Amino acid sequence: MAASAYGQFSPAVPVWLNKGDNAWQMIASTLVATQSMPGLVILYASIVKKKWAVNSAFMALYAFAAVLICWVLLGYRMAFGDELLPFWGKGAPALGQDFLTARARIPESTHTHEDGTKETVEPWYPMATLVYFQFTFAAITLVLLAGSVLGRMNIKAWMAFVPLWLIFSYTVGAFSLWGGGFLYHWGAIDYSGGYVIHLSSGIAGLTAAYWVGPRLKSDRERFPPNNVLLMLAGAGLLWMGWSGFNGGAPYAANIDASIAILNTNVCAATSLLVWTSLDVVYFGKPSVIGAVQGMMTGLVCITPGAGLVQSWAAIVMGILSGSIPWVSMMVLHKKSALLQKSNKNFGALPELDKEGETVGMVDDTLGVFHTHAVAGLLGGLLTGLLAEPELCALILPENTRGAFYGGNGGVQFLKQMAAAIFVISWNIVSTTLILLFIRLFIPLRMPEEELEIGDDAVHGEEAYALWGDGEKYDPTKHGRVTSLFGEENSVSRNVNDAVGVTINL
């Protein structure tokens, strides 16, 4: 009986199933999931100050798990189901056996070609594959957004924010641009998430940072990574996973997927080198953190047009994504009255009023606005300029081209601008309303005593079994330590004022 599952045609191998496409799409899904878990979990845990390592990692971990459950209960069909509004689908569970084993289909994607024939996006694999693939995109959007509010957002507020933002913000952008909404049928291009994911997370992150408020002054002034080498490991997972991110966008193992993967890596490498070169020219030395930021902006910038531009254009996009976000972060950020003066570790030094309170500042902890919103917007606009007609014909439903290729290219650039305005506006409004609603029941910001201590106060756990980093030893808080196995260990000081742990076996 088991052997029948491997036959050419069987209940497990229907006539419409393309095993190669299905295998690639599941691999691409796993690569994108790995970007969040463990990629960004590791990156966040290591790029922040030691006192916030556990909290930062947990915010990413929680978002990944919470998004998955909300996605299959409601979110997927709000983003890729039947139309409720021109920008929103009808929410419904994606859990039924009949639904998940049927051939994948995006019902509102039906479009008419120039010859009058109609076509609907129907990949050659089951709906279960598409549901999981699109979940990984939804999850990483929330994880990226978290980077703007690390080091001070109340974890309970974050736990409430994740499902609400997924449902009321992410699904709108996804349906509008990917699921057959008004921007999709209008012809706006977002190949793999430059707008849906990166512009959204950057704008929503900046908005959330405004409402949550800044970190403590001591954290803003000194926020060194606690483990640069581990940060590189997380960044490496992020880069390598991007092959699934952009390579899976065509929903098939085809020529366009190959172009997208090559362009993704070419643009990322170019952007990293440009960002590093600017660091050397202006600061006299290359920065490892800067190299990671340059890598990130390159990956983000190519995403809206990865399979639609030629590889020489990917180099051009890499040059611009390594320089324009660099100027945005290193020059304009420091001159912004809203963002205030930035230090080298991403934070901002606030203006103080007479009582010493912060005034009108936005503390974007990891600079998500610059690395994702600026780079994502840049990529979307450059796609409107550089999208190559023959590559567009491989995947897009309409006769599309960038402005540099004449014809209707100028109109395409305007469509890219209009789509960006919609995404920006929706994220500002929806994120604000969600946070104001949560604030009625849960404080958005941690209490001052938790902000002073960090992980130990918030979670009762610390990343490293070491004291230091400026924290004061408090025997009422640190007098007992719980091990991995739940036993309590007494903490004592030796004659040299070092802290030791006595384990009672």
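Positions of Cβ are set from backbone N, Cα and C atoms, glycine also.
Remember, predicted model here, so these are calculated numbers, not experimental data.
Summarising the annotation, TrEMBL assigns domain 'Ammonium transporter AmtB-like' to 23-464. Residues or ranges marked as transmembrane segment by TrEMBL: 23-45, 57-79, 131-150, 162-183, 195-213, 225-245, 257-276, 288-306, 312-332, 418-442.
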Feature contact check the transmembrane segment (23-45) with the transmembrane segment (225-245), CB under 8 Å, 3 or more pairs: yes
Long-range neighbours of the transmembrane segment (162-183), counting only residues six or more past its ends (CB under 8 A): 62-63, 66-67, 70-71, 74-75, 78-81, 83, 86-89, 91, 106-110, 134, 137-138, 141-142, 145, 190, 195-196, 200, 204, 419, 422-423, 426-427, 430-431, 433-434, 437-438
Close approaches to the transmembrane segment (57-79) from elsewhere in its chain (Cβ under 8 angstroms; 6 or more beyond its ends): 33, 36-37, 40-42, 44-45, 88-95, 131, 134-135, 138-139, 142-143, 146, 150, 153, 155, 158-159, 162-163, 166-167, 170-171, 174-175, 178-179, 459
Mean per-residue pLDDT computed across the domain 'Ammonium transporter AmtB-like' (23-464): 90
Selected stretch (most C-beta pairs under 8 A with the transmembrane segment (418-442)) from 131-150, 195-213, 288-306: 195-213
Annotated stretches the transmembrane segment (312-332) and the transmembrane segment (257-276) touching (3 or more Cβ pairs under 8 Å): yes
Recorded stretch that, among 131-150, 195-213, 288-306, has the most CB pairs under 8 Å to the transmembrane segment (257-276): 288-306
Chain residues in Cβ proximity to the transmembrane segment (131-150) (below 8 Å; excluding those fewer than six residues from its ends, i.e. six or more beyond): 25-26, 28-29, 32-33, 35-36, 40, 44, 48, 52, 55-56, 59-60, 63-64, 67-68, 71-72, 75-76, 79-80, 94, 100, 158, 162, 165-166, 170, 174, 193, 196-198, 200-202, 204-206, 208-209, 212, 245, 248, 364-366, 368-369, 372
